[in-house]
Amino acid sequence: MTNIRKTHPLIKIINHSFIDLPAPSNISAWWNFGSLLGICLIIQILTGLFLAMHYTSDTMTAFSSVTHICRDVNYGWLIRYMHANGASMFFICLFLHVGRGLYYGSYTYFETWNIGVILLFAVMATAFMGYVLPWGQMSFWGATVITNLLSAIPYIGTTLVEWIWGGFSVDKATLTRFFAFHFILPFIITALVMVHLLFLHETGSNNPSGLISDSDKIPFHPYYTIKDILGILLLILALMTLVLFSPDLLGDPDNYTPANPLNTPPHIKPEWYFLFAYAILRSIPNKLGGVLALALSILILMLFPILHMSKQRSMMFRPLSQCMFWILVADLFTLTWIGGQPVEYPFIIIGQLASILYFMIILLILPVISLFENKLLKW
């Protein structure tokens, strides 16, 4: 009798994806973040589902319903903080996953890469809409500021913003539709993840050396299932430490004040994982220019396969590119810091310089260094 694992129409798909999948023998811990992102997505969908059972998407009761979840629902505080901090863990894993892809040249699988960038956009949209739902001060003003950016689009901008708002300001209609979109998007993300994996399994995984590893493959199970379980345990440990010891560490105190359209908070800023993009947006004095720079700060990832000039795939054996990569990482940390600072000297100029450097490294410096390293290969 043949093994059901290899013959059953459904089980054989799982088998080819997670059990008998040929995997490179030398992939490091940087390859763990894909599975960690999968776990983050599952945690977010489950905690979100239980929160949705008790949440009401109405401007009069939204803030109170979140308070009710934390005070009266069994382990509601745990579910709420796991969901809020789960988003932070999600973005930490996302940034590390993208950084791994850039460092080791995984973007040369351009279908997988481009689906990944679309996934990044979808997760960012979901997180933004989720931040609006508790209907605190930062929820309301964040929604107002970010949706207002669309008014910079020539001719249709104002109409578009009012259409998204469902009125002339962020109000009940906006909250209701944001809740609906926030609920449906994670399932769309799950479908995109399956497409992401489909394209990845067409080519097989990359590895740290960037070389073809067809001659040296090992089965995914048990080697990488065990490795992934270790990563998952560490992720859950980090998440639960954050949730149980310092649940509000990454949040904004202003969001514990109910939304008030008549009172603007002194510093409107998004959650920490959007601060780098927010800093790029603010560094340009022109509204439309800022919006374009904001969109390009993420869309630029799609250009990496075109901008790859090196004869080597990975940065493993390219010390000059490595150096530039880590300068880019430091620049992103700088932008994140600037995004959380008030708009005044010296933060304005630092933000502008960091934004210019961000685009310069990606569009000019890295490709030029790659061409120089190609020359060094001949010496």
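Placed from the backbone N, Cα and C atoms, the Cβ positions cover glycine too.
Here is what Swiss-Prot records for this protein:
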type     : residues      : note
BINDING  : HIS83, HIS182 : heme b b562 binding site
BINDING  : HIS97, HIS196 : heme b b566 binding site
BINDING  : HIS201        : ubiquinone binding site
TRANSMEM : 33-53         : transmembrane segment
TRANSMEM : 77-98         : transmembrane segment
TRANSMEM : 113-133       : transmembrane segment
TRANSMEM : 178-198       : transmembrane segment
TRANSMEM : 226-246       : transmembrane segment
TRANSMEM : 288-308       : transmembrane segment
TRANSMEM : 320-340       : transmembrane segment
TRANSMEM : 347-367       : transmembrane segment
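Positions of Swiss-Prot features highlighted on the structure.
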| residue | record | DSSP class |
| --- | --- | --- |
| HIS83 | heme b b562 binding site | helix |
| HIS97 | heme b b566 binding site | helix |
| HIS182 | heme b b562 binding site | helix |
| HIS196 | heme b b566 binding site | helix |
| HIS201 | ubiquinone binding site | helix |
List of residues, in chain order, with Cβ under 8 A from that of HIS201 (ubiquinone binding site) and at least 6 apart: HIS16, SER17, LEU21
Stretch-level contact, the transmembrane segment (320-340) and the transmembrane segment (288-308), CB cutoff 8 A, at least 3 pairs: no
Rounded inter-Cα distance in Å - HIS196 (heme b b566 binding site), HIS182 (heme b b562 binding site): 21
Among the ranges 77-98, 178-198, 226-246, 288-308, 347-367, the one whose Cβ pairs under 8 Å to the transmembrane segment (113-133) are most numerous: 178-198
Positions on the same chain near the transmembrane segment (347-367), where near means CB under 8 A and six or more residues out: 279-280, 282-284, 293, 296-297, 300, 303-304, 307-309, 321, 324-325, 327-328, 331-332, 334-335, 338-339, 341
Range from 178-198, 226-246, 288-308 with most C-beta pairs under 8 A to the transmembrane segment (77-98): 226-246
Leading contact stretch, 33-53, 226-246, 288-308 vs the transmembrane segment (178-198) - CB distance under 8 Å: 33-53
Long-range environment of the transmembrane segment (288-308) - Cβ separation under 8 angstroms, sequence gap at least 6: 98, 102, 105, 107-108, 110, 113-114, 117, 120-121, 124, 149-150, 152-154, 276-278, 280-282, 355, 358-359, 362-363, 366-367, 370
Cα-Cα distance linking HIS83 (heme b b562 binding site) and HIS97 (heme b b566 binding site), given in Å to the nearest integer: 20
HIS182 (heme b b562 binding site) CB neighbourhood, other CB atoms within 10 A: 21
